[in-house]
Each structure stands twice: as structure tokens, then as C-alpha cells.
């Protein structure tokens, strides 16, 4: 008897504990609405004002579909199909229990019928069945938001993949009662993969390439619809000590994103945009047609780099963004470089290797040899950012080919290679605001690689000697 | 509570299917909207003779060929100036006169006045913003009719050189590219390619009305169309060598499924066809 009693007691306690830990599902169908408001819609990277403690309301959303030409990268044009004129489409912010009256308008100039599937909708096709709309028409349908979280919406008209690949996706946020915890800054970022007839960087109006899309071989993987949407003048901003929340989505159509911010650790991640919160996360997976909410406090000034850590996409296909954090240094959190000294694995004193002379690589002496050596250094050290043919990456890494900046001042070029460069430069009329690290190359190597760069791509043919490098290095 | 959910789903389902039914009823191609009131307006346009044949459409019973009889087809879509002549003679098709049942508010809405084009409109551009009813009446006035979907698709399979180019990559890419070209309704007729039969502008200019455009119903929820309609055998989920061809055609069918007979759309025009004297009914 006693035993049973204890057992029952124990299990009751156990269940009690467990229930406390468990997520309590709100029955949102029972939430009454109070009044009507028009939804504020925003283009990326901005989001509408938080819902705060407002009651559930009837929320009127007016979203217009516009097919229009835009710029994928410098000189690369693309015809986007958009919700609200931007890629990703307008951000829609709701709270649980809201009754959304959705007006979907298809601009008369558009060629195609469209519809919308909102992952936040409980009902057939997520609204797609009720929202099929011909050009020059407007359809209306309503739904009640029953689940909190961050949800993707997209077009689901045949062929679905093509509509999504042309930019027809966006995010709808459903906040819990009382809203998400307040933060200092909120931004909207959505990744997408694009398939163009020409290769990455090929100029002119690029049509969509269905074959590449089926093979899942994108030419561009970008944040917010184009390369450079979050760099340079478009970079996100924050101040030291602020807490930043990013609403991150992935429109796909094909690729899954390994979302990462270089130089930050996410304090909180709403895993897959849902209610589960994970802490202290380095990289979070954002599935195609999925989302995540991440937040973090910025502790030190500098530039944080937003990437898809499937990293070739970042450096070769465009998925790169920046957050410029301003404020006072916090040396406890991050010291910056403190010292740079020679490292000898064999011990503190310099040791002479036997047969040193014969082991040494043959030294490049003639101009031709030096250029060849420079080319090989370039392809190891420089090409990842400045690209194999020196054209750089639009808005991110300045070009070395036909570069007015490079040709104007050779000593400055040497100095950048030796000591790195942070901050704004203007090259061929375009502003770049990025970071180049100091390169650990010998005087000979610096001289050779610069001679190579000057000798090609329409540059001034200037020859850089080790002595010139040495002079700059010794300058303080 | 669960029951409520269910009810909601049922209601949505019912309202959807109701919609479909009314669509079908509304759009059955019963002659005729045109009445003896509509009179000839003195426009004659060139036609070419199309030799009929069999073809397997994108939608239909699996692998079942559809037979298309011989017919005559307009070489070009109907132009603004042709339609202007029509409304000058037939008052009831002017934009201020037309019954809302036969044309929605977008009908000729870019025209300056009832019988005056806007200054930026070219007489030789295809007429658009016309409803199915108006297009039907226009053709009847000329002793012609709108093409059926099968007739239209049959002639539109052709590229410059061959009658059925649907497996040629360049042909499909041309169509797909057009989907992304904005404002082609401003172009003039006869500037795209002349196809195997001598017909211009089936691809690359504007969409065109067909008499039975809504006989194949796409719900717009393309992912479920495969299972909801027994006729739609060729699923959007199927991936094979003819993908490009399917994609190009899917969009056409999706477009047709999105319109109703009184809609006037800026990218939608029409042309007429006529039975030949020796047309044999299949």
C-alpha cells in the first residue's frame, strides 16, 4: 500500500514537473478580435513595428504582385516577379489570433496569373487555392493565424519552381501574445538561389535558366534578391551594446542555408522559426521554405559578416552581408591584434638547416620569372577575394583589373598588401567598404605578386622590386 | 474544437468547388453572345490554311491523340485599328456601353475615349483588354470564330521550320523568355517569327483567347491539380526529358485557368479562325 502511494506521488510529481517544462499550446481559435487595422508592410531589410501588447485584431493586408526588371549584380539585369515590388516580398507582421483579410492584387501589366501560399495559414494550399488571380484582378481571402512563429510565404502557380526562382517569396511573422521580447534593432534577411542563362557576372539582361534550376546549379546565391543588398552603403548598422534580432528566411527554391554571422554567436535561436529556443549557436540551418529568428548582443565595434557558411556561395555566388557596429572598443571582449612575432617550431634560436642552399626554391630573377612566380602567389593568396581575373566582387571586393586606385600609387598598394586595409576606398568610381587582412608574404613574394598584378589586366606595367617593399615595411 | 477545424476545411472545400462549377457553366461556349445587332465593319485580314492532323496535348487522356480538322487561321492577332473599326460600327461593344456581364472594368480601359485610342497606343499593336464575349462577337461579325484550345495549341506547336517543335530546346526557351519580357503588348503585330504554317505572333506577343479556354480547369494550386482532375495526367511533379516543353505549356494552361469570360486583361488579345469549306467533322 505504502509503496503504491509513493509511486503515485512520485509520478504525480514527475508529471507535474514535466508539464511545467512543456510548451503550452494556445488555442488561438478562441481568441476574440478587437477592432480593425491596416497592416504595415515593409521592404527588406526593414520590418514593421512590433505588435507589443495590442489585442488580436482584424488585420487588412494589401499586397501587390509586380513583375519588374531589377539588378542582380553590377550590370546584370534580371526580371523579378515580386510580392510588393521587392525580393523578398513585403514583411507581414501579425500576432496570434489575428484575423487577416488578405487582398492579393495582380498588376495589370503583369503577364502571368499568380497566387500565394502562406505557411502561416491553416487551410488548403495555405491560401493558394483561394488566391489564384489573373493580371488586372484582385482576390480576397481571410484566415486566422493559429500558430506563432516565423513563416515563409511564396507563389504556388505552375510551374511553382520558376515562380519562386524569380523571387516570389517573403516572410510573415506571428508574434505571441504580448509580442517577442523587445530588442534594439530588428532586420529582415532572406536567402535565395538564382539561375541565369549566362554564368555568374555575365552582363546584360539574363533570362531564367530552367535547366540549371532543375539541376540545382545556381549562378547566384544571395541575400535579399541581389548581390550587395547588405554591403557597402546598404550594410546593416548597430551600436556596441545593442541587441540585434534577425528574421532570417530562405526562399530557395533549392538550396538549404547554413546561416552564420562571422564574429558573433547567436544568444537565442528560434529553431526553424518555431517556439523551441536554442542558445549559444554558431550556425543555424535554414531550410528552403523555412525560417529562423536569431538574436545576439553586439559587444565590440567592427564589421560582422553575414554569410551562408556553405562558403563558396559567399565568396563566389554573392551570399554576403555586413553589419557595421560602431562604438567604443571593448578590449576585454576582443583585444584586436596584440603582437605579431616570428614563430620557430624548433626552438627559440634560429637554426640553420643543412644544405640550405640546395633546398631553397629557385629564385625568380628575370621579369618573366618574377611574373610567373607572382601569378602562382596570386592564385594562392589573392584570387578568392579579387577573383581569378582581377575583376573583384561587386560592392564587396574592389577590382584589380584596370584599377585607377591601384595604378595611382604603387607605394600605397605595397602598404595594403603588407599591412592590410580596413575602411572605404573608391575604385573606378565605386565605393568599397571592406576588410583586407595583412598578408604574411616575404619582400620577394610581395614584389613578385604586385609585379604580376601590374603586368596584367590593363594595368600600368609597373615593376615592383623587393627593395621598394622593404622600404615600405620598415616605415612605421 | 477539432470539429470546428473540420467545418472550416469543409466550408473552404465547398466554396472552392462551387466556384469551379459556376466557372464551367459561365464559360461554356454556347453561341451566341453576338446578335444580329452586330454589323460588318469592313475589315478583312489575311488568313492561311492549316492542314489538320493529330497531336497529343499536354492535358488529356494519357497518350490519346486529339484530331484537329483543317481550318483557316488569321495570320496576325486582331490589331487596335481593326477593333476600333469594329466598335465604331457596333456601339454596344464600346467601353461606355458594354454590359458589365460581358466585360469587366478593365475592358478597353487604356483607350482615350469610346472610339479613340490613347496617344501612346499604336494602331498596329494587338488589341488587348478585351473580354472573351467581345472577341467572340468580333469574330462572328466576320463570319469567323475563336479557335478551340486544341486548334490553337496544334498550330502553336510549330516553329519556323517544323509543325511540331515542342521538343526543340530553342523553341521552348523562346516561349519561356517571353514570359519574362515586360510590356510586349506595346509591340506591333507581325514582328515575331513566321511559323511553319505562315502564322505570326502565336508566341512572343500577347496571350490569345480561345473559345473553350476554361474547359481545362487549373485551380491555381498547381501542386494539387495533378490529383484533383483526372484529365490532368501530365503532372507538374513529373520530371523528364520534356520538362521545358511542359513548363512552357503549363504557364499557358495556368493563364487560361485564371481568367473568366468577362475579364479584360492587358496581355490578352485574340485572333479568329474559320472552318474550311471541306472541313470534315471528326
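Our numbering is plain: 1 for the first residue shown, then up by one each step along the chain.
The backbone N, Cα and C atoms fix where each Cβ goes, glycine too.
According to TrEMBL:
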{"type": "BINDING", "residues": "A:114, A:119, A:154, A:155, A:163, A:168, A:309", "note": "Cu cation binding site"}
{"type": "DOMAIN", "residues": "A:369-457", "note": "domain 'Cytochrome c'"}
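In terms of DSSP secondary structure, the domain 'Cytochrome c' (A:369-457) contains 45 helix, 16 strand, 28 coil. The 10 Å shell around the Cβ of residue A:119 (Cu cation binding site) contains 19 further Cβ atoms across the protein chains shown. DSSP assigns residue A:168 (Cu cation binding site) to coil in the three-state reduction, placing it in neither a helix nor a strand.
Neighbour density at the Cβ, taken as the number of other Cβ atoms within 10 Å, is lowest among the binding-site residues A:114, A:154, A:163, A:309 for A:309. Taking a C-beta cut-off of under 8 Å and a sequence gap of six or more, residue A:168 (Cu cation binding site) has these contacts in its own chain: A:65, A:81, A:82, A:83, A:89, A:114, A:154, A:155.
Predicted-model confidence for the domain 'Cytochrome c' (A:369-457) is 86, expressed as mean pLDDT. DSSP gives residue A:119 (Cu cation binding site) a coil state; it is part of no helix or strand. Packing around residue A:155 (Cu cation binding site) is summarised by its Cβ count: 28 other Cβ atoms lie within 10 angstroms of its Cβ, all protein chains included.
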